[in-house]
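Right, one structure below, let's go through it.
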Amino acid sequence: MVAYEKSPIVFLFATMMLVMFLFCGSGEARTLGYGSIKGDRIPACGYKNPNSCVKQPVNHYHRGCEKITRCARDAARYTESFNVDDDESPIINLH
C-alpha cells in the first residue's frame, strides 16, 4: 500500500521533468554577429569620415620673455664696455 501512495507523486514528478526538458531544452543557442554590433560603433577617423577625427590642440606662439622683463630683446638699449687692466679680466657693464 505504500507503493500505491507514492506512485502519483512519482508520476507527477516525471511529468514535470518531461515538460521542463521540452520547454527548456528546445531553445537554440544564438550568437551575435558583427552586423548587430556594428550599428552602435563610432566611425573611425579617416578620409571617409573626416568629421569624426579629433583635432589635436596646437601650441600657440608664446615669446620666451617680455620686453618689460629685460630679456635682452632690444639690443640697442644695452652697451658693452670693456675695462681691461693688467691683472683683471674684462668686465661687461650694462647701462
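Cβ atoms here come from the backbone N, Cα and C positions, even for glycine.
Record features (Swiss-Prot):
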DISULFID  C45-C53  disulfide bond
DISULFID  C65-C71  disulfide bond
SIGNAL    1-29  signal peptide
Cβ atoms near C65 (disulfide bond) (within 10 Å, other residues, all chains): 10
C53 (disulfide bond): tally of other CB atoms within 10 A of its CB: 11
